[in-house]
Amino acid sequence: MERPPADARDERDARAAEWAARLAGGALPTAPAADLDRWLEADPRHRGALVRAQAALAALARPPMDDVVPAAPVRLPPRTLGRRALLAGGAACGLAGLAIALRPVPSLATGIGEIRQTPLDDGSSVVLDTATRVTPRFSAAVRDLRLDQGRALFRVAHDPARPFVVEAAGIRIRAMGTAFSVAREDGVEVLVTEGIVEVTGALRPARLRAGERGRFRAGDAASTDRLSADAMARALDWRDGRLELQGQSLASAVAAINRYNRRPIVVADAALAREPLHGAFRNDDPEGFARTVALTLGTRSHVENDRIVIGP
Amino acid sequence: MAGATPTTIDWLATHILPHEAGVRRWLIAGGASPDEADDLIQDAYCRLGELASTDHIASPRAYFVRIIQNLRRESFRRQKVVRFDMLTETQASSIIDERADPERVADARRQLSMVAAVLTGLPARCREIFRLRRIEGLSQREIAHRMGVSEGVVENDAAKAIRHLMSAMRADGETLAGGTATRRRA
């Protein structure tokens, strides 16, 4: 071998490169395979380093005719086409292909204080708010999801052949290609940021357009209203783990922060609780929030018995 | 070990590798240390390597970026530290534009010239090994036989070239990451 590796990253890359080269020679005999497994187990980063090394080898070993880069950008076929091709492939190679196309997705969940964006198999994506559970049940005909609890924002990949339906507490929200959030809190709140959704399950079916908000309850009358662009953006701030306040009361800000944290904030003084607040805060740092607010409002904050108290 | 399938590895080489330097640059410009950027990228490869099918991914670069953003958010949360500076940075440079096709082509060109430079810079024997592989499509065993060396020698030379490319890609992403290189959504 040549000069010793300069640092840990080089050392890791060097080992990854060796394994990638050995794997390219064919299946490993038992003893080296066990060595490789040991190396992969030793550090969670090793697996990624190996994949990267294998991709590097593939790039180096590729025949030169692939080296032609198109002068004009190449458009990928529309997604529906891709899926149809995949389904056809599934039919051709039997169960294996079908298993890929119809693979059931386990339910997606976040804990308290966690916000997570997850891509879905169809190219859509979902952002789960704190303490949320969504169970996707996709089939070839329909993209069905159930919001079991919490709040989620869905960005739906356009596919007229396969409607995207979210069910929450008996309310069904049906979309084609659009973005909307659904929250289970005192009924079901739906907020549409792009496109149109159809909501059924309440007293009457309803249609919500971009910029509209609806509150629904199974079998009950619905209420809808239109939000300004600003209000809409604020209503979706939770995606970034962020709480933006523009004059809301301390009481309502605290209620929002408390949904993300196990240790609640308590406001010790009723007059203080009505104080309006401005500014952006992270919603996963209640102590920092309490300190900043106390400083702004000229009071104190302290921690006592698993709660954070703002006030004198 | 299960490992990534040859199809997935090939897809990574074609669709992800060319964007690695750009993504690394974007991470570092957004406040990540080179080590953090390295860990995130490695982690993303690990997840991408687990993909059973890549047919559903219409925009590989956007997918790559999204995985990295998710990993980064997770690591922010694990740190449990208020870092307003980082929060603003991530939002400002929120995502590399998914529709920037000219950039995608530029990334691909850059990657090709990097591969070419690595191949040209190899010692003669190693270069011949890759020529036989690329042009004549020989396997490692056939190459060893043709050149009258052991398979171990072929593997070692291949590993050396892989290492060169890996560090060239990393250096590319790190050296170009200036403070003002933050790319924004148009």
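A Cβ is built for glycine as well, from the same backbone N, Cα and C atoms used for every other residue.
Whatever TrEMBL says is automated annotation, not expert-curated.
Residues or ranges marked as domain 'FecR N-terminal' by TrEMBL: A:15-55. Among the features that TrEMBL reports, domain 'FecR protein' is placed at A:108-198.
Long-range contacts of the domain 'FecR N-terminal' (A:15-55) within the same chain: residues 61, each at least 6 residues beyond the stretch ends and with a Cβ under 8 Å from a Cβ of the stretch.
Residues in the domain 'FecR protein' (A:108-198) partition by DSSP class (helix H, G, I; strand E, B; coil) as 0 helix, 54 strand, 37 coil.
On the 0 to 100 pLDDT scale, the domain 'FecR protein' (A:108-198) averages 87 in the predicted structure.
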